[in-house]
Amino acid sequence: MSSLSRELVFLILQFLDEEKFKDTVHRLEKESGFFFNMRYFEDSVTAGEWDDVEKYLSGFTKVDDNRYSMKIFFEIRKQKYLEALDKKDHAKAVDILVKELKVFSTFNEELFKEITMLLTLTNFRENEQLSKYGDTKSARGIMLGELKKLIEANPLFRDKLQFPSLKNSRLRTLINQSLNWQHQLCKNPRPNPDIKTLFVDHTCGHPNGAHTPSPTTNHLMGSVPKVGGFPPLGAHGPFQPTPAPLTTSLAGWMPNPSVQHPTVSAGPIGLGAPNSAVSMLKRERPRSPPTNSLSMDYQTADSESVLKRPRPFGISDGVNNLPVNVLPVTYPGQSHAHATYSTDDLPKNVSRILSQGSAIKSMDFHPVQQTMLLVGTNLGDIAIWEVGSREKLVSRSFKVWDLATCTVNLQASLASEYTAAVNRVVWSPDGGLLGVAYSKHIVHIYSYHGGEDLRNHLEIDAHAGNVNDLAFSQPNQQLCVVTCGEDKTIKVWDAVTGNKLHTFEGHEAPVYSVCPHQKENIQFIFSTAVDGKIKAWLYDNMGSRVDYDAPGRSCTSMAYCADGTRLFSCGTSKEGESFIVEWNESEGAVKRTYLGLGKRSVGVVQFDTMKNKFLVAGDEFQVKFWDMDSVDLLSSTAAEGGLPSSPCLRINKEGTLLAVSTTDNGIKILANAEGSRILHSMANRGLDSSRAPPGSVAKGPIVGTFGTPNSSTGMSLSMGERSGPVASVTGLNGDNRSLPDVKPRIADDAEKSKTWKLTEISERSQLRTLRLPDTLLPARVVKLIYTNSGGAILALAENAAHKLWKWQKSERNLLGKANSNVPPQLWQPSSGVLMTNDTREGNKEDVVPCFALSKNDSYVMSASGGKISLFNMMTFKTMTTFMAPPPAATSLAFHPQDNNIIAIGMDDSSIQIYNVRVDEVKSKLKGHQKRVTGLAFSNVLNVLVSSGADSQLCVWSMDGWEKQASKQIQIPSGHSPNPLAHTRVQFHQDQIHVLVVHASQLAIYEAPKLENMKQWIPKESSGSVTDAVYSCDSQSIYAAFDDGSVSILTATTLQLKCRIGPNSYLPSNPSSRVYPATVAAHPSEPNQFAVGLTDGGVHVIEPPGPEGKWGISAPPENGAGPSVSSAPGSDQQPR
């Protein structure tokens, strides 16, 4: 449907609404699919008119369109189901379950089983997730809030939530204007004409009764005397000027079109086809409009530029970005305020410095999470940073996923040098996917599910040689990946399947960049080559529509401003001269050339657009800014120095933060006032859940990974906590605790003190501590862990019972995270049944308790010398038990790619790879001599590391479970081997370095060869190490001792920086010797940890003050290293 036909539908909708044809209005909204009436939808949901709700939705989306749609339908049907259960109408509930909810079982079988189990409960509120379910009215209100977020984030609803700004009775106005115009054409106009029909054109009859031919069959006349007009058909505003005909963005870029296009005369009404040379090239379109075609009023175009439109209020800036805050409007007209900007809005203040470790080649801010930055480097590494908290959430090195399927040329290239640089990184429009273009043939597409959850999605052997650029596009609402490369081609790939859809050939030099875009009904791709040629392509096989030269025949990239109405390019010629220009798309000519770039640039200058107002470029060791409407340089900043000649840079969608590369392989984050406020708030963790960083969002207990991977929305059974961002819900599978949700913080300069001193804490006033409330039988805590959400702590006691403490959201604890200020609740089900492991008679000292928590916090696998038990963390129910001893389980770990597979260390020295789903041991690994006491997976290296009571480390390949390496831990002199010693292992967040915890020492080994990198042997006065763990950012190590003390070490050097004495947190006069038997680190707060005591108590410990830290790391030149033994032949000094 053409744009004007679409607007006619809006006029009809307005007319029907004004005439009170309510049912017809909503039916037309649904059948056209042009406008989603949020108010009507809210009313229908509130009234519980579920059939009407689903019928209305069906005009805009289907259940399986994408994850957002799936979750919308799931929430509605789940509410229907719960209401039927609440009314004790089990027959209806079963009908809803079978006919409406069963469709979701394909995507999350466990969730469907959980929902089915509700039928067995007397009151479904007995289920912990539904314990907060109130009455029907409040439940619908909570659900409605969730649905609105999902609809606003769903790309299928883009531009359908905003009704155009129209004057009242606009259709009547147009009819009156038409009648007045027809009356002016009458040969004998009457002063007061009588209108009896609109079905035929109006004419005033001749005195003799003859009629004038219809004006549609006559040419327009010249000047006609003004005569009295018709009385208006209804209230309307003053006469509207006829809008200028739309000029297409590609028309002027065709100096030699291959098709002859007829001239279209624009009539005064403008309801005909637009005057467009590209109208002949239009392809048949689906009923729904493209996702980035905005519905707005036309304005008269100026003489130099293409037609400009204001953005509807509430749609966030950014080309091809999902509108996450679109506000529903009603039919009456609404004026749009145009934002004003000043130089104070420019992000120029250095607020963060991040250390990446290698030269930055490309960056891109997340389209929804405004403080999340994707980075690619010259060594092939990619990383996702949460810049607010200075946390590196994810890191990946270059690795071909499936070399066997690659071309012979690529295999040969990798054989000579297995490295590749990143040329481009970019997020998909909704942030659910990210793409990486490498300097060797390859494109990687990952699916991102929040926090550290990054999964391989597609590996494409895309081009011969360099893949120079990559972009996402959505032709006809199909998510695609557009690539270009050294082989002079542009290719389009299906982002879901990886199938190649188009190959565009025509450039005579390597293609440097691509810029997909959409104007009106035209979807196209601009491409630029290193010889300065610019071409444009439609998604067909008709060849290039444009052949033009960039200024200076420069190596150029192109970009649109945020609302897609203005086109800019930036490039650097072979001689080093750089150009930033604005293009007049209607003529294919440069409209404006900006001044202030250097004449001898080193490398290609990179640029970006900021909202719809500013341009920014990295040039001459500076960041330079221009107002889009002025050619003169507006402002510049050196960002406190340290920038390369032509730095890489990127601005976030809101224009509040700017990332720029530095010469020392780092990134500086520049901010304006609003950006500084956001960063400061996140640093203090004083955020509500709607602004919480990814990975710290409260994750639903039962979450599914549904639909295609271009979104990260999951489904949950729970009712109580729905305030987190829709796009950050994490999936169920891929359980793995080895990659925590935060990454290293950058130390402040103030911390680099030259006069270093060990921080000794001996009084309660020097820290914050909280002993968790406990009314159950006290028993020694043997295992302790935080839930992945950070809102609860799970302990396993010596008596085989589990205890779970949960922190609730409150005014004192906005995020509901574990802390030492607010006491948690000891969680117990209404049945009073605890999660208790199976046990066996025998010596307690022979038992090695162990447990592992699934990543979504829904399940815990646990053993205490007897069978292994799988518990549901929501209900405390025992899901299953298996593997009765002997042998007994002594260590457990979930497989990182499949939470149905677990590695089980046994007391007979074997390791069993067990598939829970089929109840089968897949492999049995033998390499240890004594019981296995530690297991840790590395996703990066694709290995499993094990440790045992034999003080031996082993590395096993996850592909075939062969042993790759083994190493004996070096026991210092004076320490006799303890046959009951529990050696534990934990991977650093880089997934390469392994922390080895032994009663005699801490050590860092590098996998997979198990090279001993560092060793720390505590002083004898400290006693033996009982447990140790990395902090969540892997910058510190918390080590507990049997003298009651806790030592905090710098992870990179194993140097002691803080020691917490037992008197600062333990009871002053204990009746017996009490010390921490186990320690756990908070998953997102680097300075918080918890200890489980031998008296059954659990303490949460934090430094004093909101910004407190555990001492200062010793500078290398200070020489304050770890205490080591002097035994010959031992690995004594840190290396």
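Cβ coordinates are placed from backbone N, Cα and C, and glycine is handled just like the others.
Feature annotations, courtesy of Swiss-Prot:
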type	residues	note
DOMAIN	4-36	domain 'LisH'
DOMAIN	34-92	domain 'CTLH'
MOD_RES	S214	phosphoserine
REGION	281-303	region 'Disordered'
COMPBIAS	290-303	compositional bias 'Polar residues'
REPEAT	355-395	repeat 'WD 1'
REPEAT	417-456	repeat 'WD 2'
REPEAT	462-503	repeat 'WD 3'
REPEAT	506-547	repeat 'WD 4'
REPEAT	550-593	repeat 'WD 5'
REPEAT	597-636	repeat 'WD 6'
REPEAT	638-680	repeat 'WD 7'
REPEAT	776-815	repeat 'WD 8'
REPEAT	843-881	repeat 'WD 9'
REPEAT	884-924	repeat 'WD 10'
REPEAT	927-966	repeat 'WD 11'
REPEAT	1020-1059	repeat 'WD 12'
REGION	1095-1135	region 'Disordered'
COMPBIAS	1119-1135	compositional bias 'Low complexity'
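The list of residues near the repeat 'WD 6' (597-636) in space but at least 6 beyond its ends in sequence, with Cβ under 8 angstroms from a Cβ of it, reads 311, 317, 339, 341, 343, 345-346, 348, 555, 557, 559-563, 565-566, 568, 570-572, 576-580, 582, 643-651, 654-655, 658, 660-661, 670. Mean model confidence of the repeat 'WD 5' (550-593) amounts to 89 (pLDDT, 0 to 100 scale). Panel annotation: around the repeat 'WD 10' (884-924), residues 732-738, 838, 840, 846-848, 850-852, 854-855, 859, 861-863, 865-868, 870, 930-937, 939, 944, 946, 948, 950, 956, 958, 961 of the same chain, lying at least six beyond its termini, place a Cβ under 8 Å from a Cβ of the stretch. Helix, strand and coil residue tallies for the repeat 'WD 10' (884-924), in that order: 0 helix, 23 strand, 18 coil [DSSP].
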